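Here is what TrEMBL records for this protein:
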{"type": "DOMAIN", "residues": "548-822", "note": "domain 'G-protein coupled receptors family 1 profile'"}
{"type": "REPEAT", "residues": "31-63", "note": "repeat 'NHL'"}
{"type": "TRANSMEM", "residues": "529-556", "note": "transmembrane segment"}
{"type": "TRANSMEM", "residues": "568-590", "note": "transmembrane segment"}
{"type": "TRANSMEM", "residues": "652-673", "note": "transmembrane segment"}
{"type": "TRANSMEM", "residues": "720-742", "note": "transmembrane segment"}
{"type": "TRANSMEM", "residues": "771-790", "note": "transmembrane segment"}
{"type": "TRANSMEM", "residues": "802-824", "note": "transmembrane segment"}
Amino acid sequence: MSLAHKVVKQQLNEAKTTIVAGVDTAGYESHQLNSPTGIFVDTNLDLYVADRMNSRIQVFHLGETDGKTIVGTRSSDITISLRGPYSIVLDSDKYFYIADYTNDRIIASGPNGFRRLLGFNKIASNMYQSIRPTKVNFDVHGNLFVSELYNRRIQIFDLQNDSCVSVPYTIQTTYSSVLTNGHPRFSRTLFNPRNYHYEAVEVTVHETDFYILTANSSVDLYGHVYKDDFHRFNPSKNLIAWFGKCCRKDQFKFTLELQANMKYILVVTTYDPNVTGPFSIITYGSHRLNLRLMGDSPVGNLLMGMDSVCNRHIYPVTVRLMNDTRYIYVVTTCEQYQTTGFLINIFGRSHVHFQPFNISPIIHSKYSSNLTVVNPTYRKDCLSESYYYETVRLTIFTTAYYTFMGDFNQGMDMYIYKNQFDPWNPFENRVKNKTFSCATLSRITLSAELQANTTYILLVTTMEPLQTSSISITVSGPADVTFERFIDNSAYCHVGVPCDHQAKGIGLTLDDILRLELKRNATINDQPFVIKISAVLTTIMLFVGVISSAFSLLTFQNGNLRTVGCGLYLLASSITSLLTITMFAIKFWFVVITQTNISIDLSVLQGGCKSIETLLKLFFYWDAWLNTCIAVERAVNVYKGVSFDKEKSKRFARWIIFILPICNSATAIHQPLYRHMFSYKNKGEISIDPLFEIPQGVVIGTDTWCTTSYSQSIENYNTVILFIHLLGPFIANFCSALFIIIRSARRRAEVQKQQSYRKHVREQWKEHKHLVISPTILLLLSTPRLVISLLSGCVNVTNHLWLYLCAYFISFLPSVLIFILFVIPSDLYRKTFKESFFRLCRRKRRSNQV
C-alpha cells in the first residue's frame, strides 16, 4: 500500500488485514514509511521494505514495529546512498539486490560491500539509455530478472558460477598492531560521532593480481579499502570495499583485484565505537604485498588530529615537534556556527610560542539576477519538461576550492560546466562537485575545485519546470571570481531532442522550415494552416510552371529565334525550368507524405533524402546559370553592336549548355554522401505515482527527418560553392542590366548629339526594356534564395515562419515565370509565340477533322 505508507498482511481465507510495518501517515521515524513499493521476506520472516521516498531500505524483525535502516540515508553503517529504491530481494547468502530507480542502476551487496551491478555510475546521458529498474527477482537457477520501466522490457542475467578468479590460500604477508586510545578517530557510520579508533595501513602492490585481505582479532573489527587517498573527514570518498560484522573471528575478508603501481590504503577500525584491542592482517595470493603503517592522514600537511572532545572525553595528544619549524594548530567546534572559549595546555621540555595566524583569508564575490519568462529553456534531464536557465561565465584567477551559495526565494539548482555548456547535452562537461541543501532555508551550496585560466560556466536553473525566481549567489574562496552573463543561442542548431540530436548545417531547406509545423500521422486536412497554404501554393506553382515552360518551349522551338546563342539558352532554360518546378513539387510532397505516413519503407526514405534535394539543387543552379548566360549574351550583343558574331555565339552556347550540368554536378557530387535520415524518439511522461512523482516514459512518436552532417572542411567548401552558385548569377544579372542601359544610351548619345543624355536613356529603355526587365526581375527573385541559403543553422524559424517560407517559395518563381520574364516583354518573342500557338491550334483542328 504505497500511498497508504504501510505494509499489511492478510490470511488467504480472511478479509481482515494486519499492519506489519508503517502507520497511516508518511514519516521518517523508525516506525514510519513514506511511499513503500517493494518488500521481501526472508526465511526468518524478517521483512525488508524499499522505503522509496525516504531513500532507504528498512528491516522489520518478526513481531517488531520499529524498523532499522540497513541501506541508505541514516544507515547505522557506511553502505551506499539511494535515490528512490523501488524494490529489494535477497539471495541465499542474504546479500541485497536493490532496484535503485532514480539513480538508474541495480545495486548489489557482497563480501566487499556494495557495488553497482547494472546501470550507470551517474544519471544516464539521455533517457533512452536509461533502464529505470522497478523490480528485481531470481528464479530457481539463480538467474536475475530486471524489469525496466522506460524500455518496457524484462531482462534476464544468467548466473555465472565461479566468475571470480581463484586465489591460492598461500600466506604472503602478515601485519600486527594494537588499536589504543591514542589512535586517531573518525566516524565509520557517516552520521554518528567520530568515536572509532582506526589505523591506516598502506598496501604496496608489485604485481597486478587478485588478493585476499583478512584479519584476526579478539575484538570485532571493521575494514575499509581505499584507492589513492583516505580522507578521515569524508570516509566514503575513494572507498572501494568495506565490510565487518560482530561476533566473528574472521572480522573481514576482501577478495580484490589490485593493480600494480597504484596506491591502496587499508583502514582497520572496530565494529563498535570506543573499542581498542590487538589485530592482525593476513594477505593471501600468488604475490607478496607490502604493508606499512601510515601517518594520521595521507593528505595535506595534517600532523595530528584529535576530535574526541566532541564526545566530552578529553584525551591528551602527544606529538614530536622539530626545532625551527612552523606548526599550525587549528581549533574548531564540533557543531557548525558554534562559538565558545577554549584553553590549550602544552607540556614539554621547552617553551612554545603561540601567535594567531589567518591561514587563508576568504574573499566573497556576489552575483544577482532574475529568472524570467524571457530566459532560454532547456530539458534538464533530457525529458519533456523545460526549465528556465541562466548561464554565467566565471573567471578564476587562483586554482582552489570555491563554494557557491545560493540564496533563493524558490527551489533552485546550480551546475558548473568546463569550457562550454550544451543545452542539448546537459551532462557533457559537467564538473564534479558536492551539493548541499537545507530543508528549512531556501539555500543551496555547491563546492568544487576550479582551475585558473580555465573557462567555467555556472548554470542556474529551477527545480520545477518553467518556474521563475530571483537569484543571489555568493562565491567564497581564496581569490576573487568575476561573473559575466551570456546567452547561448545554439538551441536551434540541432535536429532531434536533447541527448538524441544532430547539428544542422548552413542554410535553410524546406525540411528545416516545415519541421516543427507538420503533424505526425495526420492527413493534409488536419495539418496547420501554414501547411495547407503551402500545399495550395505548391500546386499552383506547379500548374503555372508547367504551362509557362510549355509556352516557352513552343516559342523557342522556332528556328528563327535560335540563330543566336540567346535563343538556345532560352530553349534550354525552358526545359530546366520545367525540371526545377517539377522537382520542387516532388520535394514538398515528399517532406509532407513522409511525415504523415510512418509506414513508408526506410530505404525509400533514404533514397528520397539523398536524391531529391540534390537533384533540386542541380536543376535550380543549372536554370540560374542559363538565365545568367542570357543576360550576359544580351550585354555582349549591346557591346558588340553590328559586329556581333551570331555563329560564334551559337557555337559557344552549345558548349556551355553541355558543360554547365557537368560543372554543377561536380560541385554537388558529395551531397548524397552527407545526407541521411535521422530518427529520434519523442517521449512524454505520465505519472505512475503522483506522490513520489515517478514518471513513466511514453513514446509519443518517432520522428524521421532528412538531415545533413558535414565536417568543418566540407562545411567551408559548401559555403564557397553556395557563394559561387548564388552570388555569381546575382552579380552577373545585376551588372548586365546596368550595362545594357548605360552602354546603349551612351552609344546613341555619341551619334545623335542634338538630344540630351537623359532622353537617350528613355529611348533606349523603350527599345531594349525586355533586355533589362528580365535580369532585373531575376535579380530581385534570387535575393531571398541567396539570404536563406547562407543563413546559420541556428536560426529559430518558428519566430518568422511566414518570412522564411515566402522567401523559399519566391526563390523558385524564376522557374515558374520563364514565359512572363522572357517572352512577354519582347515584341519579337511575343509575335513568334502567337504564330506558333495559332499554328498548333490549326494543326489540332485539322487532325480532329480528319
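Think of each number as a place in line: the chain as shown, counted from 1.
For all residues, glycine too, the Cβ spot is worked out from N, Cα and C.
Whatever TrEMBL says is automated annotation, not expert-curated.
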Other parts of the chain folded back onto the transmembrane segment (568-590), taken as Cβ under 8 Å at six or more residues beyond its ends: 510, 534-535, 538-539, 541-542, 545-546, 548-550, 552-553, 555-557, 561-562, 608, 612-613, 615-616, 619-620, 622-623, 626-627, 629-630, 633, 650, 653-654, 656-657, 812, 814-816, 818, 822
Segment-segment contact (the transmembrane segment (802-824); the transmembrane segment (529-556)) at 3 or more Cβ pairs under 8 Å: yes
CB contact flag for the transmembrane segment (652-673) and the transmembrane segment (529-556), at least three pairs under 8 A: no
Non-local residues, at least 6 beyond the ends, that sit with Cβ under 8 Å of the repeat 'NHL' (31-63): 1-3, 5-7, 20-23, 25, 69-75, 81-90, 94, 96, 98-99, 101, 134-135, 689, 691-692
